[in-house]
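Participant: Okay, here's the structure, questions in a sec.
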Amino acid sequence: MTAREYNFDGLVGPSHNYAGLSFGNVASFSNVKSESNPREAALQGLAKMRALAARGFGQALLPPHARPNFALLRSLGFTGSDAQVISSAAKTSPVILAAAYSASPMWTANAATVSPSPDTADGRAHFTPANLNNKLHRSYEHVQTARALRAIFHDERHFAVHDALPPTPAFGDEGAANHTRLCADHGAPGVEMFVYGRVEFQPDAPSPRRFPARQTREASEAVARLHGLDPRRAVFIQQDPDTIDQGVFHNDVIAVGNGNVLFYHQQAFADEAASLDGLRRVLADTGADLVAVRVDASDVTVADAVGSYLFNSQLLSRPEGGMALLVPRECRENAAVDRYLDRLVASGGPIDELLTFDLRQSMRNGGGPACLRLRVALTEQEAAAMHQGVIMTEALHARLVPWVQKHYRDRLAPADLADPQLAVETCAALDELTGILGLPSLYDFQC
Ligand SMILES: NCCC[C@H](NC(=O)CCC(=O)O)C(=O)O
């Protein structure tokens, strides 16, 4: 069946800020407390969406979440009017207020794991929102994510949106950032590769020492079961714990796959040879030959990969054939990575085009092009059955840019989160957005 991949990018919300909330994510930690520019962040994201839509790629968006999360703040004992809740949180615990204000849902690679219909037992596309329970500021995203996914993929004949896994360390789940689908074609049955950082029920299994492993094998296996994947086409691979300790907090910081191509760093996996052999064998059963594009540490070190986000790129099958790699500007600013990329596109391999985007605002929080998008492969029928208002077009882009310019601040310092006006502005912005996207009652404040 013909199918097309849609990239659902997270529309950056009005409270985008640098709060240093993600221990183990080098960029988040090093830019802590600097000033952000939410307007520029949203416009950078929209420019990427527009460019890909214009090139004929399937492009859509997921809306930001309401901020601050008053339910979180109230559940932690802050009381009174909304303004009083903000002011007492700001005085007592600025870090909790920052967690309630985080615009982290913009990184939709962590919104959910998606299995397209050719892979699942009931022939529907399955979604499991990620519980993201390793970080307070991300641990409550799944509630609104499930609501948005159910609003967009509402037709239960085609789509199943599950609840997130139990929010406990045994089932730490970070969604599609640790999940890659390899296939002959988006519409053909594929192999779903799950990469985990540790094993809860096997304490002697290797795990990182310095930084947390956010994804467990148990979580990945549960998602595969929920989605009804054929066990012969689901592969579970351990990430190299040493690279997690070097800042590779998700597999999508060290590998990216598309079609039959896996672009990865030699230190991505705990056991490279066995992982690649297994993938090759399983993929061969679907009629596809794995093309492994391995980057050697002698060409690009793990530190360069983390600093440039070379692997947090989007690997895209062009409608007219061939593959393009969409990288952040930081890749061209790193001498070793820049040299490598020039060689890569000249090598005669599957990747023959580079697209470079300025996503600096997101990058400074450790989110590159791949973090900003959730891939959903859809048949024509499924694409027609989803909510159409989130599909990126010139017309939607032309409405969203002035909406951003009207509502978003161009500077946000940590202390600004204490300003009750920011909550009022955010609410007004999102209320108007639901009209633009045709998604009424998307947020609690609208019920
Ligand atoms: N896939 C990319 C995710 C980046 C995200 N960063 C953050 O949440 C940083 C937020 C802050 O520090 O303000 C994370 O680490 O999960």
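Glycine is treated like the rest: Cβ placed from N, Cα and C.
Not my notes, these are from TrEMBL:
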type: BINDING; residues: 19-28, ASN110, 137-138, ARG214, ASP252, ASN365; note: substrate binding site
type: ACT_SITE; residues: GLU174; note: active site
type: ACT_SITE; residues: HIS250; note: active site
type: ACT_SITE; residues: CYS371; note: active site, nucleophile
Participant: Using a 10 Å cut-off, grab the number of neighbouring Cβ atoms around the Cβ of ALA19 (substrate binding site), all chains included.
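Facilitator: For ALA19 (substrate binding site), the 10 Å Cβ neighbour count is 23.
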Participant: Near ASP252 (substrate binding site), which residues of its own chain have a C-beta under 8 A away, given they sit six or more steps off in sequence?
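Facilitator: Result: ALA109, ALA176, ALA177, ASN178, PHE311, ASN312, ALA370, CYS371.
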Participant: Could you tell me which of these binding-site residues, ASN25, ASN110, has the fewest other Cβ atoms within 10 Å of its Cβ?
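Facilitator: Per-residue Cβ counts within 10 Å for the binding-site residues ASN25, ASN110 bottom out at ASN25.
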Participant: Among all chains shown, work out which of the recorded positions LEU21, ALA27, CYS371 has the most CB atoms within 10 A of its CB.
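Facilitator: Top count of Cβ atoms within 10 Å goes to CYS371.
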Participant: Do me a favour and check the Cα-Cα span between ARG138 (substrate binding site) and GLU174 (active site); whole Å is fine.
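Facilitator: Per the Cα atoms, ARG138 (substrate binding site) and GLU174 (active site) stand 10 Å apart.
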Participant: Sequence gap of 6 or more, Cβ distance under 8 Å: name the residues on the same chain that satisfy this around GLU174 (active site), in order along the sequence.
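Facilitator: Correct list: ASN110, ALA130, LEU132, ASN134, ARG214, GLN215, HIS250.
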Participant: Which recorded positions from the set PHE23, ASN25, ALA27, GLU174 come near ligand 1, judged by a Cβ under 6 Å from any of its atoms?
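Facilitator: If the test is a Cβ under 6 Å from any atom of ligand 1, the answer is ASN25.
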Participant: Does PHE23 (substrate binding site) have same-chain partners at least 6 apart in sequence with Cβ under 8 Å from its own Cβ, and which are they?
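Facilitator: In sequence order, the residues whose Cβ lies under 8 Å from that of PHE23 (substrate binding site) (at least 6 apart) are PHE29, LYS135, PHE211, PRO212.
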Participant: Can you check which residue among the recorded positions ARG138, HIS250 has the largest number of Cβ atoms within 10 Å of its own?
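Facilitator: When each Cβ's neighbours within 10 Å are tallied, HIS250 leads.
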